[in-house]
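Inspection log for the structure reproduced underneath, given as structure tokens.
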């Protein structure tokens, strides 16, 4: 028999009754039932119940073991009685009667309980992550993450993609976030950068004559911590294709990603055909470029119903500013004054003056609008709004007014809030869609200039003619995102492979041809030697797994994450370098002034 085990803790079944076996694992918990000891023994694969009665030669040792000790047990497999069968465990029809117990490793008093998975301070969980990872839910999430990545690799291979790895040490480039810099010992005073994404390398692969590239790529960005992003690093399914238009990318990747969700969704419905929603439409309907389509609320413009109306606040705004619009947020079943007042109070807590509303109720046989706005605009306009929005008795509608560019985000948040408060969101499904036709440029208010809205390497719709025109902010890009349940899970584009277009695109944001050659020299040179039309995208693996397993945040699907202050509490990173290391790198730290 093997030194440590003949079976795993998930392997034994009723067919093994009578067998002598050896198991090794962690003591999940110990229970004393009338002098008989029950030990739940756990390993990576599962759990087995071990029994040690007073007559067993292993009983004295069993009395000494404690939670999370690592032990080896020899014993005989016996069937449980019908009334003690545990149908929730794969091994629930048997138990192991212990004959011998060996302690392989004792454990100190635990700073973090494993059994029961109670809520515990996150810093403790991260400092003792090796204990936290023993918890069933987190352990299962990590295994699921690996399974999803394996399925992605198989899926990409099945549709003709080949995995290539690109460099980790590369040159710094302005791609939207700060780089993590690595000092060069051989070339003092110079630095490598960890890649924010393999963007330029994968495009260079297409220029080099490869096709259908993919990799599971680590990406590094020195960003301020955010709730929906892990500090430091993340992983993406990165891909690129040659001789394609954007529809080719969509038609290739949609079935593959749908299959990933369907295979791991535990029976939850997954969108069959992903809708393709233009960016402008998404903003106007949902107030977001990553809408949660499980929420059925769709906003509509109702400006005409308030123009010249008795509600002077809106009417005067419309009369004095042609950019002003009134958007309606219909709320099915929200027709109570209490709910409307709650929404209004929430809006004020968000720094807004309030949230105007109308709700409808039957008075006898007549359906009437109620609330201050209804009184001010009158019955005819109120009923016209109800008819346009398809609202009925017991429904409500909220209104947001102003220039859409300034209020659409708040309107989207109000839509989300109403949907959640009214339980309109079906949480047991995956709703996926494409967001397409993103703006190529946007206005940088801080610097008072035009800037790239998203990926500077995207192909602008309209080509050089559009880039040379006067209305740069109207240019759309051949750029697209994939969204699931309100989260952006992928982004991509058809690339700009023309040196002339590349220079012009950057000139419009204030960079010269010399700047382009300095910052993107490799790509710029490559495009002068025969570059095929190409495009691709990248999927955020961590977010996809988070959605699949239903985790609350990304740390629940990551092995050894940093905390929100970008500190690795387990390994003690970041940490000071030694004087000798700094000398080798020709670096002298500058003392930081304390506030």
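For all residues, glycine too, the Cβ spot is worked out from N, Cα and C.
Feature list (source: Swiss-Prot):
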BINDING   175, 221, 454, 495  L-aspartate binding site
BINDING   221, 222, 223, 488, 540, 541, 542, 543  ATP binding site
REGION    199-202  region 'Aspartate'
SITE      33  site 'Important for tRNA non-discrimination'
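Here the features listed in Swiss-Prot are painted onto the structure.
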residue : record                                       : Cβ neighbours (10 Å)
33      : site 'Important for tRNA non-discrimination' : 8
221     : L-aspartate binding site                     : 20
223     : ATP binding site                             : 15
454     : L-aspartate binding site                     : 19
488     : ATP binding site                             : 16
495     : L-aspartate binding site                     : 25
540     : ATP binding site                             : 23
541     : ATP binding site                             : 21
542     : ATP binding site                             : 22
543     : ATP binding site                             : 21
For this session: Please state whether DSSP places residue 542 (ATP binding site) in a helix, a strand or coil.
Result: helix
Exercise. Three-state secondary structure of residue 221 (L-aspartate binding site) from DSSP?
Worked result: strand
For this session: Could you round the CA separation between residue 223 (ATP binding site) and residue 495 (L-aspartate binding site) to a whole angstrom and send it over?
Result: 25
Exercise. What is the average pLDDT across the region 'Aspartate' (199-202)?
Worked result: 94
Seminar exercise, completed: By Cα geometry, the one of the recorded positions (33, 221, 454) nearest residue 541 (ATP binding site) is 221
Exercise. Which of these recorded positions is closest to residue 222 (ATP binding site) if you go by CA atoms: 33, 454, 495?
Worked result: 454
Seminar exercise, completed: residue 33 (site 'Important for tRNA non-discrimination') sits from residue 454 (L-aspartate binding site) (Cα to Cα, rounded, in Å) at a distance of 63
Exercise. So, in DSSP terms, is residue 488 (ATP binding site) helix, strand, or coil?
Worked result: strand
Problem set entry | Nearest of the recorded positions (33, 221, 495) to residue 543 (ATP binding site), judged by Cα-Cα distance | 221
Exercise. Listed ATP-binding residues 221, 222, 223, 488, 540, 541, 542, 543 - what's their greatest C-alpha to C-alpha distance in Å?
Worked result: 20
For this session: Compare the C-alpha of residue 33 (site 'Important for tRNA non-discrimination') with the C-alpha of each of the binding-site residues 221, 488, 495, 540, 542, and give the closest one.
Result: 542
Exercise. By DSSP, what is the split of the region 'Aspartate' (199-202) into helix, strand and coil residues?
Worked result: 4 helix, 0 strand, 0 coil
Seminar exercise, completed: So residue 222 (ATP binding site), by the Cβ count within 10 Å over all chains shown, scores 15
Exercise. Rounded to an integer, what is the Cα-Cα distance in Å between residue 540 (ATP binding site) and residue 221 (L-aspartate binding site)?
Worked result: 14
Exercise. Rounded to the nearest angstrom, how far is the Cα of residue 488 (ATP binding site) from the Cα of residue 495 (L-aspartate binding site)?
Worked result: 20
For this session: Give the distance between the Cα atoms of residue 542 (ATP binding site) and residue 221 (L-aspartate binding site), rounded to the nearest whole Å.
Result: 15
